[in-house]
Amino acid sequence: MPSTRKLFVTTALPYANGPFHLGHLMEYIQADIWVRFQRMQGHEVNFVGADDTHGAPIMIAAEKAGKTPQQFVADIAAGRKPYLDGFHLSFDNWHSTDAPENHELARQIYRDLRDRADGSLIERRSIEQFFDPGKSMFLPDRYIVGECPRCHAKEQYGDNCEQCGSVYAPAELIDPVSALSGAKPELRSSEHFFFKLSDPRCVEFLQRWTQDGKLQPEVANKVREWFGLRSNPDGSCSEGLDDWDISRDAPYFGIEIPDAPGKYFYVWLDAPVGYLAALKNLLEKRGQNYDAYMADPALEQYHFIGKDIVTFHTLFWPAMLHLSGRKTPDNVFVHGFLTINGEKMSKSRGTGLDPLKYLSLGMNAEWLRYYLATKLSARNEDMDLGTEDFMVRVNSDLIGKYVNIASRAAGFLTKRFAGRLTSDFGAAGLALLADLHGARDTIAQWYQAREFGKATREIMLLADKVNAYVDRNKPWELAKDAANGQALHQVCSVLINAFATLTRYLSPVLPALARAAQDFVGQDMQRWDAGGAVQAIAPYQHLMQRVTPEQLAALFQPPAAAQIAAAGAQEPGGLALAPGIGIDDFDRVDLRVALIVDCAAVAGSTKLLRLTLDIGEGRQRQVFSGIASACQPADLIGKHTVMVANLAPRRLKFGVSEGMVLAASHGDEKANPGIYLLAPGPGAKPGMRVR
């Protein structure tokens with residue numbers, strides 16, 4: 001690896017239908033810490049982001065708001081800066097997928113795919129789609145609802161059932177209706193464009209690319225399953241990858257396909273191209289040549305994403321780039337989902353964290369940056385923000401262990417020694433500082449590997465050593481006797497130098513505090529290898545305050561009843577409430593606590609898991625559930641869930657399903673991704689009825 005590297009780093013593009021939430025910020029902070037560390041190493045980094053602005057949901061939301069789609073996404077973009085600045089996110093550029101650069105690059109990539117290999121990578125096919133005659137538009141699958149043709153659950157989407165996990169074509173839905181108008185849609189034929197992901201050139205490339213270290217092991221293992229058997233809408237099975245429908249029909253807010261009037265790129269084709277467009281826009285503003293930059297063989301390309309969009313970034317995106325003759329990513333770094341106190345974020349229940357409210361309450365952005373860093377690892381794992389844990393970690397680690405090192409020594413140095421430090425550290429002081437300096441490479445390795453939790457733990461262990469030195473030498477006792485002046489000077493000088501070293505190690509996580517500390521100790525905190533002893537300090541200013549219980553209470557205070565009522569008018573969970581039922585109707589559904597005895601992936605399906613359940617009836621049941629995107633089989637074994645025990649068995653192509661487990665998800669999965677398997681409280685036993 002060259003001593004000076006050239007890196008192009010991105011985060012997933014947020015959909016431009018609302019403000020940032022904590023999940024966005026977690027990803028941006030994760031990437032920002034890594035980027036700041038790379039810059040401290042002297043590497044050249046271009047770190048970019050953009051709004052994902054296209055698609056039917058944007059077009060429909062804009063219409064409801066009485067705006068053009070362009071005005072709607074511009075208004076969303078105007079609200080990004082307070083988040084980016086407030087949480088010290090060091091993006092070099094924030095752009096939009098509706099920008100000219102993205103239109104140009106998306107069309108060029110398409111042309112290159114179309115024109116390579118005798119045009120065999122792009123294929124036109126006539127398909128049947130549902131058309132809303134009232135809206136005069138073809139309906140995306142997510143805007144068609146009806147009865148599942150397999151389990152007969154009501155109000156299921158047009159492509160898969162969230163109750164039984166079945167995958168089907170929209171035309172198979174029973175009694176379909178348009179979610180936009182409530183009208184009965186009509187089946188009409190339309191010519192669509194397909195990228196032939198099943199082409200042997202795609203398959204062979206992706207099998208190599210996804211298994212050569214570019215993905216975390218657990219992600220690579222998941223992707224490997226997708227090259228096996230796949231299920232078709234007609235119930236048959238075939239082997240390999242499905243071709244990808246990359247077009248949508250007008251009216252559509254997006255990028256029109258070259259030489260195909262009225263046809264637009266599907267949003268997931270042009271969205272990742274937005275990474276390149278944001279970079280191109282940045283380089284052009286600097287007077288640099290984009291093509292020359294991307295052609296440099298030394299360039300490294302990295303994407304930070306959530307686990308809900310792995311398919312697009314590990315199959316479609318690298319295949320598009322490779323087969324259009326472009327550089328492919330060096331790594332795709334996947335993270336899990338975030339909960340608060342073990343619950344999915346919800347403003348109405350007081351379990352949401354509004355980032356701007358956090359800042360408006362005077363809460364330090366770097367408290368959150370540090371806390372998330374302590375939880376982040378290189379694995380694709382979910383993480384939880386516990387409010388009590390948050391307060392304890394910030395107050396104990398950052399204030400008690402770290403900042404207090406400087407505050408304990410600064411006053412004595414300023415009052416007794418005019419802020420000057422001695423270079424005589426004594427044997428114990430030299431040994432302590434040597435320990436701190438000796439950890440530099442280990443901490444750097446943890447940062448490089450995105451093991452921020454391990455890096456922060458290592459730093460706090462060093463802080464413990466410094467505080468043990470304080471307790472042994474007791475500078476407050478030394479200060480009581482003028483005869484101890486030399487010893488006091490020595491101890492306080494060691495502490496300030498230790499504080500400077502710890503600050504440099506924490507600088508990727510706490511950039512604002514590091515800048516303030518830089519002014520305090522007179523050392524460069526932006527270079528990892530900066531060294532030398534601190535010569536003098538400026539008068540000490542408070543660097544960080546403690547978190548208070550009152551701040552946390554205000555942050556997580558649920559909205560007033562009137563606000564909750566207003567929010568309810570916007571459809572809770574993204575779906576209108578179902579018609580009311582009587583207690584007799586509910587009593588017919590037998591819900592039981594079930595122990596998950598075993599769980600495994602289903603060959604040929606990317607959505608289903610096969611669960612073996614015990615509800616205490618003397619036998620075990622097999623149930624299929626469409627939760628594979630959110631749950632690892634090994635994590636579920638031994639846990640309890642809730643199942644519908646009296647649902648008639650139904651035969652799927654993978655086997656017979658003898659019930660249904662309960663899971664929750666938002667109506668708009670793109671804006672609010674995640675599937676959450678329900679679990680009973682502690683003490684519940686298999687077979688207990690849920691009433």
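Note that Cβ sites are derived from N, Cα and C of the backbone, with glycine treated the same way.
Proximity of distant same-chain residues to the motif ''HIGH' region' (14-24), defined by a Cβ-Cβ separation under 8 Å and at least 6 residues beyond the stretch ends, is recorded for 51-53, 55, 57-58, 61, 72-73, 76-77, 79-80, 83, 96, 306, 337-338, 340, 345, 352-353, 355-356, 385, 670-671. What Swiss-Prot lists as motif ''HIGH' region' is 14-24.
DSSP gives C161 (Zn(2+) binding site) a coil state; it is part of no helix or strand. Its Cβ placed at the centre, C161 (Zn(2+) binding site) has 21 other Cβ atoms within 10 Å. As annotated by Swiss-Prot, Zn(2+) binding site applies to C148, C151, C161, C164, with the evidence given as sequence analysis.
The feature motif ''KMSKS' region' is assigned by Swiss-Prot to 344-348.
The ATP binding site annotation in Swiss-Prot covers K347.
A mean pLDDT of 87 is what the model gives for the domain 'tRNA-binding' (585-691). As annotated by Swiss-Prot, domain 'tRNA-binding' applies to 585-691, with the evidence given as sequence analysis.
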- Cβ neighbour count (10 Å, all chains) around C148 (Zn(2+) binding site) is 22
- Note on the structure: DSSP composition of the domain 'tRNA-binding' (585-691), residue counts helix/strand/coil, works out to 7 helix, 44 strand, 56 coil
- Note on the structure: Counting other CB atoms within 10 Å of each candidate's CB, the least crowded of the binding-site residues C151, C164 is C151
